Amino acid sequence: MRPLAIIGPTGAGKSQLALDVAARLGARVSVEIVNADAMQLYRGMDIGTAKLPVSERRGIPHHQLDVLDVTETATVARYQRAAAADIEAIAARGAVPVVVGGSMLYVQSLLDDWSFPATDPSVRARWERRLAEVGVDRLHAELARRDPAAAAAILPTDARRTVRALEVVELTGQPFAASAPRIGAPRWDTVIVGLDCQTTILDERLARRTDLMFDQGLVEEVRTLLRNGLREGVTASRALGYAQVIAALDAGAGADMMRAAREQTYLGTRRYVRRQRSWFRRDHRVHWLDAGVASSPDRARLVDDAVRLWRHVT
């Protein structure tokens, strides 16, 4: 069974569509879902990542959820190996793998033939020391001098990716983008469906999503994770929502600080959505569907369209 990938910006409704597609196909074939959201890999990061509770998964097996402790570093290479093994095992069982998520590099590493450039611990350590000495702003400026295209694609606050880009440029003598995957036929003949909607609609959803996270206990979730080592987690501690709450707690956890954390989480998510859209819209293989529908008949048609694409796209 060839896979179906459901991708798109945060808040578009990818997880719900995956469940609905699984229900539609369930009478004829089994479906198993493979997560492609980097932060949902972490155990305990549930509220802030909008991870589906087990009780809402309708008995459908989910893979690549809760596979890392918050102290571990999530890497695209590790995910690619593990998720590819999941997809091949699911297909071997005669079930349909459905990849669901919006983490751009994770999705593309899985669906394209992406060989990762070598790493050198001594080179990496040298750039890590440089980061500690001068800070991420100056290190990002150094990347801009060596590889302007990479610097333009990496946020100035993303220390981990800045260090990795500088390492690759030094080791290969080529721009960082030279190691990126080439878009061709997707692996396993995967059909890629994209969900998106009008910006005004999605912004409203993101505002509700952010409020719901804080109302459901994101702050307490962060407190619990801090006791489990979240602050030492290179990747997990920088996740949207979690980083903002950590900063608010460090500043005294006052009401004003928490309101600011909520607003910064919303604004940060909107910025991330812009990056997701820019990335995914470049992929000519994606079949886009309108996620702005609200009525039950329209939702049913959305599911019909996704299933039809999976069955008939060549």
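Placement of Cβ uses the backbone N, Cα and C atoms for every residue, glycine included.
Annotated ATP binding site per Swiss-Prot: Gly8, Pro9, Thr10, Gly11, Ala12, Gly13, Lys14, Ser15, in sequence order, evidence recorded as sequence analysis. Taking the Cβ of Gly13 (ATP binding site) as reference, residues of its chain lying under 8 Å away and at least six apart in sequence are, in sequence order, Leu195, Ala291.
The substrate binding site annotation in Swiss-Prot covers Thr10, Gly11, Ala12, Gly13, Lys14, Ser15 and rests on sequence analysis. DSSP assigns Ser15 (ATP binding site) to a helix in the three-state reduction.
Around the Cβ of Ser103 (site 'Interaction with substrate tRNA'), a 10 Å sphere holds 22 further Cβ atoms from the protein chains shown. Marked as site 'Interaction with substrate tRNA' by Swiss-Prot: Ser103 (among others).
In the three-state DSSP classification, Arg124 (site 'Interaction with substrate tRNA') falls within a helix. For Arg124 (among others), the entry in Swiss-Prot reads site 'Interaction with substrate tRNA', with the evidence type sequence analysis.
Annotation: Lys14 carries the greatest number of neighbouring Cβ atoms among the recorded positions Lys14, Arg124 [cut-off 10 Å, Cβ to Cβ]. The Cβ centroid of Thr10, Gly11, Ala12, Gly13, Lys14, Ser15 marks the substrate site; residues of that chain outside this set whose Cβ lies within 8 Å of it are Gly8, Pro9, Gln16, Gly102, Leu195, Ala291, given in sequence order.
Residue pair Gly11 (ATP binding site) / Arg124 (site 'Interaction with substrate tRNA') shows a Cα separation of 35 Å. Each residue in Gly102, Leu195, Asp196, Ala291 lies on the same chain as Gly8, Pro9, Thr10, Gly11, Ala12, Gly13, Lys14, Ser15 and has a C-beta within 8 Å of the C-beta centroid of that ATP site, without being one of the site residues. When the recorded positions Lys14, Ser15, Arg124 are screened for a Cα within 10 A of the Cα of Ser103 (site 'Interaction with substrate tRNA'), none qualifies.
Reported as a whole number, the C-alpha separation between Ser15 (ATP binding site) and Arg124 (site 'Interaction with substrate tRNA') equals 36 Å.
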